[in-house]
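Chemist: Quick one: this structure, given as structure tokens, is what I'll be asking you about.
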Amino acid sequence: MAPSRNGMILKPHFHKDWQRRVDTWFNQPARKIRRRKARQAKARRIAPRPASGPIRPIVRCPTVRYHTKVRAGRGFSLEELRVAGIHKKVARTIGISVDPRRRNKSTESLQANVQRLKEYRSKLILFPRKPSAPKKGDSSAEELKLATQLTGPVMRIRNVYKKEKARVITEEEKNFKAFASLRMARANARLFGIRAKRAKEAAEQDVEKKK
């Protein structure tokens, strides 16, 4: 079996001229400097906008292994923007990332991101396109003087863990079967449509029998 991914190479019996095929990594320090210079150049180019780019939504990581954690997503959904009262075309011009493919599967995620958008909108300093003729929604001259470029991520997302105090385990919790409950919940979700169809057919047959 061939070695897979980044694991240890077991019993390496080298026959070919392997010294010539060793992968080197001498460009790593220079690459680090190049990335840093590119970040600084971009920050200067987009100033006074935030250096890290537009604001991102709070999303939950996929799969059972990671879904207890939240992280930054790609862009806000169209529904979130609609509830927050921001037009999708205007959003991109004021530093809000938009992802039209994303769907909100829960009310909690929708509310959290709408709140995030409203908070961002309240903190935002909008420069007028024409300084001589500011429009409605643009920031005042005093606010513009206070504006500085944000270097870190816009409204950093943090995982908050709530600590629970120690208590006595109840009898109900002792008798609870977690694995069986999960299997049953999955089975009920999977068979929901089939059972509904069978119930409907049974009801129709009963009506026909009564006739």
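Along the chain as shown, residues are numbered 1 onward.
Yeah, the Cβs are placed from backbone N, Cα and C, and that goes for glycine too.
For Lys16, Lys177, the entry in Swiss-Prot reads N6-acetyllysine, with the evidence type similarity to another entry. According to Swiss-Prot, the phosphoserine annotation covers Ser52, Ser77, Ser106, on the basis of similarity to another entry. According to Swiss-Prot, the feature SUMO2 cross-link maps to Lys123, Lys145, Lys174, Lys177, an assignment based on similarity to another entry. Swiss-Prot lists Lys174 with the feature SUMO1 cross-link.
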Chemist: Spatially speaking, which of the recorded positions Ser52, Ser77, Lys145, Lys174, Lys177 is closest to Lys123 (SUMO2 cross-link)? Use C-alpha to C-alpha, please.
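Modeler: When the Cα distances are compared, Lys145 comes out closest.
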Chemist: Based on Cβ atoms within 10 Å, give me the single least packed residue among the modified residues Ser52, Ser77, Ser106.
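Modeler: Ser106, out of the modified residues Ser52, Ser77, Ser106, has the fewest neighbouring Cβ atoms within 10 Å.
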Chemist: Have a look around Lys16 (N6-acetyllysine) and count the other CB atoms within 10 A of its CB, chains all included.
Modeler: 7
Chemist: Looking at the recorded positions Lys16, Ser52, Ser106, Lys174, Lys177, whose Cα is closest in space to that of Ser77 (phosphoserine)?
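Modeler: In terms of Cα distance, Ser77 (phosphoserine) lies closest to Ser106.
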Chemist: Which of the recorded positions Ser52, Ser106, Lys145 has its Cα closest in space to the Cα of Lys174 (SUMO2 cross-link)?
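Modeler: Result: the closest of the recorded positions to Lys174 (SUMO2 cross-link) is Ser106.
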Chemist: Take the Cβ of Lys123 (SUMO2 cross-link) and count every other Cβ within 10 Å, whichever protein chain it belongs to.
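Modeler: Counting Cβ neighbours of Lys123 (SUMO2 cross-link) within 10 Å gives 10.
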Chemist: By a simple count, how many Cβ atoms lie within 10 Å of the Cβ of Lys145 (SUMO2 cross-link), its own Cβ left out?
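Modeler: I get 9 for this one.
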Chemist: Out of the recorded positions Lys16, Ser106, Lys145, give me the one sitting nearest to Ser52 (phosphoserine) by CA distance.
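Modeler: Minimum Cα distance from Ser52 (phosphoserine) across Lys16, Ser106, Lys145 lands on Lys145.
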